[in-house]
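One structure is given below, encoded as structure tokens.
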Amino acid sequence: MDSKEKFYRQFQNSVANLQEQINQLSSFAAVGGERQDAVEHTLSGISRLSKQVADAAEYVPAYDQRTYSDVVKGLRDQVNEAVAKFTPKSRFQFKQRITSGFAVAKPDTRRLNPTTTNTDTKPSEEKDMVTSLPTFNNDTTSTPTSASISTSKDYNAQIARPTSRDGGPGMGIRSPSFSTARDITLSDHSRVHITLPASASRATSAGTLTNLDRCVVDMSVPTAGGGGGGDANDSSSGGGGGTPFASLTLREIAGSVVVAGHVDGPVHVTGVRNSAVMVVARQVRIHDCENVVFYLHCVSRPIIENCKGVRFAKAPETYLTDKERGETNMFDQVDDFKWLKTTSSPNWSLLPESEAIPGSVWKKALAGGPGVVVDDTLRSLGVGKGA
């Protein structure tokens, strides 16, 4: 595969991921800056793609360069239109006052756009169309079309369906591949242990976990960056060859353990109770959570709002890359947006080191085993001990 075709395939995948992020912008909450963070992350991805197009000028023909640039411009237009849809309109608008008895004629739009024959066509309908990409005769791995995506496998239904290997309620580990998905969505599950395999790394453009009760979710393998560190033969360490999430959202989770893995962008946690969450991220925002232990590696100050009884500890080193081990971990420098006094916030605290669960216990518990019930795994990781 020559450089030109290789870039074409990479460009296709990047465009598909960015369009999926754009489609999800309206699902983020406007409060707490969650939606704005998602918009900025998407625009940052578009800027990186634009730079990649410029860098490819030495081996991509000029015509194809223009086509790629038009696609990037189309993505920016889609973001602007998405933002305009959920931005409140001003109540007051200046209207032109006609001071003479002559009506002002509307401009002939056909002169502005010679190819348009119907003057009622909305400009936004044209902006939504992304320019066609260059094609290759032997293209057998092109990005899935919207039709193929709509008929992709229902992984949540697969997870909810018990199998003969489980051994009974709350037993066994479900490992959905997510091989035909663009992003990872886990929702509406109770008392299941879910471990995502390496194949799910192709679906890490975004992650969303919602409505989980007494579940164990391990997403460390497909999101482990290849930055070195850990045991090269151990896929649960930080030295895997996966792809970190671009962004991650956790909502309405109770009595569960979530090992979110690595996230290159923001993590938004809302409505989580009586649980434990482990994540390696650039930014973490936590809203409306109660009695949760966060095992973090975060290079910016974590933010909490409307929280009570949340505690923070370092993420186990076995889940970090060599690069991350050399970074400053700001897990213990939490900003409480609902506590403006000079005294320490009573809403969060640091987990004593003697109570922190070591990496070896995490790996052993998450590995499961014959006859292991999800409730036992939860208790071994500090959740539901009093149950």
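Backbone N, Cα and C define each Cβ position, glycine as well.
According to TrEMBL, the protein carries these features:
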COMPBIAS  112-121  compositional bias 'Polar residues'
COMPBIAS  140-152  compositional bias 'Low complexity'
DOMAIN    222-339  domain 'C-CAP/cofactor C-like'
REGION    108-171  region 'Disordered'
If you average pLDDT over the domain 'C-CAP/cofactor C-like' (222-339), what do you get? 88
List the helix, strand and coil residue totals of the domain 'C-CAP/cofactor C-like' (222-339) as derived from DSSP. 9 helix, 59 strand, 50 coil
